[in-house]
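Now, the feature entries from Swiss-Prot:
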- His9: active site, tele-phosphohistidine intermediate (ACT_SITE)
- Glu87: active site, proton donor/acceptor (ACT_SITE)
- 8-15, 21-22, Arg60, 87-90, Lys98, 114-115, 183-184: substrate binding site (BINDING)
- His182: site 'Transition state stabilizer' (SITE)
Amino acid sequence: MYKLVLIRHGESTWNKENRFTGWVDVDLTEQGRNEAYQAGALLKEAGYTFDIAYTSVLKRAIRTLWHVQDKMDLMYLPVVHSWRLNERHYGALSGLNKAETAAKFGDDQVLVWRRSYDTPPPALEPTDERAPFSDPRYAKVPREQLPLTECLKDTVARVLPLWNESIAPAVRAGKQVLIAAHGNSLRALIKYLDGISDSDIVGLNIPNGVPLVYELDENLKPIQHYYLGDQDAIAKAQAAVAKQGKAG
C-alpha cells in the first residue's frame, strides 16, 4: 500500500476577501499561515514524514509548504515547483468578488463557472496585464500552453502529465510524497484518482490547510482517503467553500 498526502494552501488574502484568484500571486493571511503550521503539526503528530514534495509556482502554495516543512523539521526536503499544479485560471473573473459576481450574473451561472467540469469563465484578452505571457515564472512554458481561462477539464489536462511523468513514478518507487497545491488543481487530481464523474465533481469542496491522505493500492487506485484533524470543523470548512460563490 502507498500513501499520498494532499494539502490545499492555507487561507489567502483573496480567499478572505472572497475574490476569484486563479493565477494571481496573492499571499497567505495570518490565519492561512496558522493553518499551514497546524497541518504540519497534525502530520508530525500522526507520524508522517516525506521524501519529496510538489507544489505550484504561486506563493500561497509555496509558503504553505514552507510552513509544513518548518513544523515537521523537513526544510531540507526536495521540492518540485510546477506551473501544472497552479490553481485553475479564472480568466476575466480574476480579482472579482464571488458574491458580487453572483449578484450580477446569478448564483447558477457562477456555480457553473466555479465548479462545472467543462465550462470556462470568459477569457482574458492576450494584452491584459493579468495574462501570464510576460511573467518570468512561465518563461520556459510554450506560449500555446499558457491559458487565458480554464475550466476544470483544462486543469485536469495540464495536471495529469505531471502526475503520470513524475508524481506517480515517485509514489511507485516507495517515496513518501506530499503535494501542496490549490483547490482546483487538487480537485483535478482527485477526479482522476477517484474516477469522479463530470457531473458529480461539482460537489467536491476542499478546505484550506487540511491534510488529505490517500491510501493507494499497487495500481495507485484509492483504497480509502481521509482528512486529518477535527472532522466537524473540516465539514464546516467544506460547507463554507461551497457557499463562496453565492450572492446571499
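Don't overthink the numbers, they just go from 1 along the chain as shown.
Any Cβ shown, glycine's included, is placed from N, Cα and C.
Here the features listed in Swiss-Prot are placed on the structure.
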residue : record                                          : Cβ contacts under 8 Å, 6 or more apart
Arg8    : substrate binding site                          : Ala181, His182, Gly183, Leu186, Ile206, Pro207, Asn208, Gly209, Val210
His9    : active site, tele-phosphohistidine intermediate : Leu28, Gly32, Ala36, Arg60, Ala61, Arg63, Thr64, Ala180, Ala181, His182, Asn208, Gly209
Glu11   : substrate binding site                          : Leu28, Thr29, Gln31, Gly32, Glu35, Asn208, Gly209
Trp14   : substrate binding site                          : Phe20, Thr21, Val24, Val26, Gly95
Gly22   : substrate binding site                          : Glu87, Arg88, His89, Tyr90, Gly91, Leu93, Ser94
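Secondary structure at Trp14 (substrate binding site), taken from DSSP and collapsed to helix, strand or coil, is helix. Neighbour count (other Cβ atoms within 10 Å of the Cβ, all protein chains): 21 for Gly183 (substrate binding site). Neighbours of Arg88 (substrate binding site), defined as other CB atoms within 10 A of its CB across all chains, total 28. When other Cβ atoms within 10 Å of the Cβ of the residue listed as 'active site, proton donor/acceptor' are tallied across all protein chains shown, the result is 26. The number of other Cβ atoms within 10 Å of the Cβ belonging to His182 (site 'Transition state stabilizer'), over all protein chains shown, comes to 27.
Cβ neighbour count for Lys98 (substrate binding site): 22 (other Cβ atoms within 10 Å of its Cβ, all protein chains included).
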